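**Student:** Please see the structure below; I have some questions.
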Amino acid sequence: MSRDYDIIIIGTGPAGFSSAMQSSKFGKEVLVVESHKKYLGGTWINTGTVPSKALREAAKNILDFNEQFGDHEHKKPYERFQMDDLLQYKQEILEKENQKVKNDLIKNKVDVARGFGRLKGKHTVEVETHIGSTETYTADYILVSTGSSPIPPTNFEVDNDKVLDYKSILEITHIPRRLVVIGSGVNAIEYATIFAALGTRVTLLSDKKDYLTFLDHEIKEHLQNSLRKKGITIKKNVRVEDVSFSALRNFTEVKFRSKSEDKRLQVVETEHVLFLGGRKPNIDGLNLDTVGIKTDDRNFIETDDSFKTNVDNIYAAGDVIGFPRLASASFSQGRLAACNMFGIPALEVPDQIPYGIYAIPEISNIGITEQDAEEMGLDVTVGRAYFKNIAKGNMSNNSEGLLKLVFSTNSLKLLGVHILGADAANLIHLGQSVMSYGGDVRYFINHVMNYPTMSEAYRIAAFNGVNRVHKAGVKYKNILEDKSEE
Ligand SMILES: Cc1cc2nc3c(=O)[nH]c(=O)nc-3n(C[C@H](O)[C@H](O)[C@H](O)COP(=O)(O)OP(=O)(O)OC[C@H]3O[C@@H](n4cnc5c(N)ncnc54)[C@H](O)[C@@H]3O)c2cc1C
Ligand SMILES: NC(=O)c1ccc[n+]([C@@H]2O[C@H](COP(=O)([O-])OP(=O)(O)OC[C@H]3O[C@@H](n4cnc5c(N)ncnc54)[C@H](O)[C@@H]3O)[C@@H](O)[C@H]2O)c1
């Protein structure tokens with residue numbers, strides 16, 4: 001039976017976009033459905049990854065400038081720079097990225113239907129357009145890549161005036177003097193450091209006993225010191241009871257209690273509150289039940305390793321299927337879903353993917369931590385390089401940071417890389433490549449790398465690590481002659 005398209009993709013975030021591009025390169029007829037009136041690109045380009053990182057770059061530039069050349073007449077950044085300038089910078093980038101997505105889809109002859117897409121059957125998608133009409137399309141395959149949206153707070157409201165969320169923070173008209181961030185995920189830490197860089201006094205309230213618990217302990221300690229130096233106050237294990245605006249004091253009051261110890265009501269006065277408290281999959285109104293698509297206990301769509309749902313011709317990718325809920329992973333998932341649909345042999349997303357936290361300072365990691373190795377009973381050695389000992393770090397005013405290698409003591413095989421400091425999210429890829437080819441730390445010693453670069457940290461950390469192995473009784477000659485044990 002002939003259908004309108006080979007594939008219909010609902011949602012044009014990184015998962016949907018990459019799936020559309022790969023399908024079109026396979027010579028398939030592709031339709032993407034997007035409910036946003038104006039933009040393609042989803043949370044990735046419009047409200048999440050790209051705009052938050054653009055603001056971060058601008059804030060980092062301001063911080064670097066202030067640190068390098070001194071604060072002009074002792075003025076805080078918010079007295080010298082306008083939020084408007086930062087927002088304009090962000091908007092230009094967002095528009096450019098949007099245009100790129102549009103052009104790519106046009107060049108590759110991908111059709112776009114604007115409106116809310118829902119399943120009408122195993123092969124049928126109905127699109128409710130913005131003028132209220134409905135269109136129906138059929139396809140051999142369907143990809144659901146509708147992303148995620150915030151879980152609203154339970155005991156206060158996001159009014160997008162005093163209390164902001166990940167979208168309305170992108171419209172804030174001034175750099176606030178004080179900001180309370182509620183949440184403790186990656187997003188919360190990133191925004192806390194972005195505003196602290198602009199001179200804002202930031203308090204972060206977390207309902208959990210700890211935050212970013214997946215980080216290597218040493219990296220976490222460095223992060224904590226850095227947050228403290230930036231004047232960011234973190235209150236852990238608290239319950240926010242109320243957020244209200246006091247007209248009398250012209251301040252927003254955030255009332256909270258510790259969940260342990262002293263349970264007295266505490267109050268922070270602030271100009272704005274930024275709520276970043278977790279996200280849920282966008283499945284409402286999709287009619288998943290109509291075709292019997294299974295979801296898990298948190299409503300994420302269940303898929304197998306090929307991104308196929310329990311319905312043979314329907315696939316799902318990106319935030320809507322849950323962990324790791326990253327733009328980086330969503331690109332791979334969407335592309336691989338297309339490969340699997342059209343019978344092109346495809347690798348799975350590798351088990352070990354890098355994580356990038358775009359706080360100031362940046363953090364990135366891949367593989368196991370020193371404490372993971374301990375729990376797993378592995379004999380590992382670590383090698384460290386401090387950015388203050390890297391020529392490029394000092395030249396570029398980036399001497400805060402640490403690169404840590406975790407490797408097998410016997411075989412020297414690289415098992416983990418943990419970085420805090422400038423360009424960490426970029427630097428990690430050298431370690432990732434060595435790891436993915438099963439390489440060992442001697443790679444960083446034996447290969448000539450450009451100098452001066454931040455990559456020198458790998459060489460210094462590798463030397464630091466093998467010196468420890470040597471001191472533990474292994475002959476240096478054996479290490480360098482590749483006589484390490486497998
Ligand atoms: C503030 C913030 C910062 C982030 N920073 C990073 C980062 O630095 N690095 C990183 O890797 N990840 C980051 N992320 C996560 C990243 O944005 C998401 O993992 C990624 O966008 C998910 O991609 P997706 O394709 O699943 O969905 P999305 O990008 O959310 O796109 C889904 C699209 O589907 C559309 N849609 C939804 N329902 C329908 C429907 N029924 N019909 C038609 N269209 C529909 C939506 O309008 C949207 O355009 C960040 C997220 C946030 C919120
Ligand atoms: N650099 C990156 O890769 C990057 C950056 C930002 C966001 N993201 C992704 O975007 C998604 C959303 O990130 P996120 O950080 O917003 O969500 P998250 O789910 O990772 O974290 C939310 C945190 O807020 C806490 N919280 C929730 N309600 C609270 C309340 N009322 N009071 C105090 N604390 C509360 C939760 O306990 C949780 O720890 C995630 O998938 C994340 O990976 C990625």
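Placement of Cβ uses the backbone N, Cα and C atoms for every residue, glycine included.
Pulled from TrEMBL, these are the listed features:
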| type | residues | note |
| --- | --- | --- |
| BINDING | Lys53, Gly117, Thr146, Gly147, Ser148, Asp319 | FAD binding site |
| BINDING | Gly183, Ser184, Gly185, Val186, Asn187, Ala188, Ile189, Glu190, Gly278 | NAD(+) binding site |
| DOMAIN | 5-334 | domain 'FAD/NAD(P)-binding' |
| DOMAIN | 353-460 | domain 'Pyridine nucleotide-disulphide oxidoreductase dimerisation' |
**Student:** Which binding-site residues out of Gly117, Thr146, Gly147, Gly183, Gly278 lie by ligand 2, going by a Cβ under 6 Å?
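**Tutor:** Checked binding-site residues vs ligand 2; flagged Gly183, Gly278.
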**Student:** Please give the maximum pairwise Cα distance, in Å and rounded to a whole number, for the NAD(+)-binding set Gly183, Ser184, Gly185, Val186, Asn187, Ala188, Ile189, Glu190, Gly278.
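**Tutor:** Between the outermost Cα atoms of Gly183, Ser184, Gly185, Val186, Asn187, Ala188, Ile189, Glu190, Gly278, the distance is 14 Å.
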**Student:** With the cut-off set at 10 Å between Cβ atoms, which of these binding-site residues ends up with the most neighbours? Options: Gly183, Gly278.
**Tutor:** Gly183
**Student:** Find the shortest Cα-Cα separation between Lys53 (FAD binding site) and the binding-site residues Gly183, Gly185, Asn187, Ile189, and name the residue that gives it.
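**Tutor:** The smallest Cα gap between Lys53 (FAD binding site) and any of the binding-site residues is with Asn187.
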**Student:** I'd like to confirm something. Which of the binding-site residues, Thr146, Ser148, Asp319, has a Cα closest to the Cα of Gly278 (NAD(+) binding site)?
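**Tutor:** Comparing Cα positions, the closest of these binding-site residues turns out to be Ser148.
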**Student:** Rounded to a whole number, how many Å is the Cα of Ile189 (NAD(+) binding site) away from the Cα of Ser148 (FAD binding site)?
**Tutor:** 20
**Student:** For ligand 1, which among the binding-site residues Gly147, Gly183, Gly185, Asn187, Ile189, Gly278 have a CB under 6 Å from it?
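**Tutor:** With ligand 1 as the reference and 6 Å as the Cβ limit, the list reads Gly147, Asn187.
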**Student:** Could you name the residues, excluding Gly183, Ser184, Gly185, Val186, Asn187, Ala188, Ile189, Glu190, Gly278, of the same chain that surround the NAD(+) site, i.e. Cβ within 8 Å of the Cβ centre of those residues, in sequence order?
**Tutor:** Val181, Tyr191, Tyr211, Leu276
**Student:** Whole-number Å only: compute the distance from the Cα of Gly147 (FAD binding site) to the Cα of Asn187 (NAD(+) binding site).
**Tutor:** 16
**Student:** Return the single residue from the binding-site residues list (Gly117, Gly147, Ser148, Gly185, Asp319) that has the minimum number of other CB atoms within 10 Å.
**Tutor:** Gly185
**Student:** Can you grab the distance from Thr146 (FAD binding site) over to Gly185 (NAD(+) binding site)? Cα atoms, rounded to a whole Å.
**Tutor:** 22
**Student:** Where does Thr146 (FAD binding site) sit in DSSP terms: helix, strand, or coil?
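**Tutor:** Note: Thr146 (FAD binding site) is coil by DSSP, not helix or strand.
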**Student:** For the domain 'Pyridine nucleotide-disulphide oxidoreductase dimerisation' (353-460), what does DSSP give as the number of helix, strand and coil residues?
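**Tutor:** Per-class counts: 38 helix, 33 strand, 37 coil.
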**Student:** Within 10 Å of the Cβ of Asn187 (NAD(+) binding site), how many other Cβ atoms can you find? Include all protein chains, please.
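**Tutor:** Its Cβ has 21 other Cβ atoms within 10 Å.
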**Student:** Mean pLDDT for the domain 'FAD/NAD(P)-binding' (5-334), rounded to an integer?
**Tutor:** 95
**Student:** So, three-state DSSP: helix, strand or coil for Gly185 (NAD(+) binding site)?
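**Tutor:** DSSP assigns Gly185 (NAD(+) binding site) to coil.
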